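Enquirer: The structure follows.
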Amino acid sequence: MLAVYKACILINTQYQLHTHSATLEEKIMAIAGVLLALCCMISVGWASGSSLRFLAVGDWGGLPSKPYTTHIETSVAHAMGQTAAKYQTKFTLALGDNFYYDGVKHVDDARFHETFENVYTDKALQTPWYIVAGNHDHRGNVDAEIEYSKKSHRWNFPHYYYPLQFSIPGSQATVSILMLDTIQLCGNTKHDLAGDQPQGPADIKVANAQWDWLEENLKNNKASYIIVAGHYPVISIAEHGPTKCLTQKLMPMLYKYKVTAFFSGHDHNLQHLQHTQSGVPVDYFVIGSGNFVVTSTAHHSAVPSGSLKYHGADKHNGGFAYIEATPQAMTLSFISGSGAHLYSHSMKPRK
């Protein structure tokens, strides 16, 4: 946008300098150039302001000792910065396992700087980050992660679960995002080994309160697109596989209320699965390769037949997601830590 604006000024300046002595044909050509540049400027401005653009990354939580990061985390952080600058993204969704391996101890824990503030340094990433907790965060002090919202200008973690609502610029269309704590809903894993399932909620009343909250926020939701996001996947072909607690209780809600997509992490790869029930399609995205990558497809037979659309596990680069929502479609793209585009899928607005 700035480059186009500068081009406009340059063309206009050249016109002012030379039209006094120019022929009529040259004057017409100069005016046409100015008008063309203005049209470009208007069209670029319209394009940049007519969609909602954001990033999503999961399982990005570095290491508990020096260097406090992994090669994949720093590669993904760099590529996220490039993507955010290119598309002028408005915010980032962080899908849990924010601090490996045992979360943080207190609000002044050095890990907030070692693994977050000092890693995602690109100017374009100084936008709001909306956080949920993962199973590794629950091994530490999640309340301290919530409290850190008061100390960081971009860290937004107001509660264990919470709603977000965004308008798509230049339209009446909206995006509703419901951020969940899937560990409160389903419990923590025992050893976090392949196939390890959550052990059941630590507090049934707390879990039921969140289930009730979720259904209430879905029941009368008129948003053009609804994203439900949490750490555990509903379905996945990878090392942990489907989360039984979520397939039993959450999955029916997604179809009942015509949710557009479910975002998760936990499995350390990138996946897109799509499943249709009673004529309602729901897209499931696993975005869990922000720090580690696991290539396992051990649970390929545990997901609905034909549901897998994409699986990526680049052990050298990891990856994240870039999302753009317009009134006509919401498109999610997987981007490698190398910056390469890997895969895209578009979803229609809800009816």
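Cβ coordinates are placed from backbone N, Cα and C, and glycine is handled just like the others.
The transmembrane segment annotation in TrEMBL covers 28-47. Summarising the annotation, TrEMBL assigns domain 'Calcineurin-like phosphoesterase' to 52-269. Residues or ranges marked as Fe cation 1 binding site by TrEMBL: Asp59, Asp97, Tyr100, His268. Annotation source TrEMBL lists Fe cation 2 binding site at Asp97, Asn135, His231, His266. Summarising the annotation, TrEMBL assigns disulfide bond to Cys186-Cys245.
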Enquirer: I need the neighbours of the Fe cation 1 site defined by Asp59, Asp97, Tyr100, His268. Which other residues of that chain put their C-beta within 8 angstroms of the C-beta centroid, in sequence order?
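Expert: So the extra residues in range turn out to be Gly58, Trp60, Gly61, Gly96, Gly134, His136, Gly265, His266, Gly288, Gly290, Asn291, Phe292.
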Enquirer: Quick check for the class: what is the C-alpha distance, in angstrom and rounded, between Cys186 (disulfide bond) and His268 (Fe cation 1 binding site)?
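Expert: Rounded to the nearest whole number, the Cα-Cα distance is 19 Å.
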Enquirer: Given the recorded Fe cation 2 site (Asp97, Asn135, His231, His266), which additional residues of the same chain have their Cβ within 8 Å of the Cβ centre, ordered by sequence?
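Expert: Close Cβ neighbours, site residues excluded: Gly58, Asp59, Leu95, Gly96, Gly134, His136, Asp137, Thr182, Ile183, Tyr232, Gly265, Gly288.
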Enquirer: For the domain 'Calcineurin-like phosphoesterase' (52-269), report the average pLDDT of the model, please.
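Expert: PLDDT averaged over the stretch: 97.
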Enquirer: Of all the disulfide-bonded residues here, Cys186, Cys245, which one's CB has the most other CB atoms within 10 A?
Expert: Cys186
Enquirer: Can you tell me how many other Cβ atoms are located within 10 Å of the Cβ belonging to His268 (Fe cation 1 binding site)?
Expert: 25
Enquirer: Compared by Cα position, which of the recorded positions Asn135, His231, Cys245 is the closest one to His268 (Fe cation 1 binding site)?
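Expert: Spatially nearest to His268 (Fe cation 1 binding site) by Cα position is His231.
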Enquirer: Just to verify a number: CA distance, Cys245 (disulfide bond) to His231 (Fe cation 2 binding site), in angstrom, no decimals.
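Expert: Rounded to the nearest whole number, the Cα-Cα distance is 13 Å.
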Enquirer: Using a Cβ-Cβ cut-off under 8 angstroms and a sequence gap of six or more, which residues of the chain neighbour Asn135 (Fe cation 2 binding site)?
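Expert: Correct list: Gly96, Asp97, Ile183, Asn188, Thr189, Asp192, Pro198, His231, Tyr232, His266.
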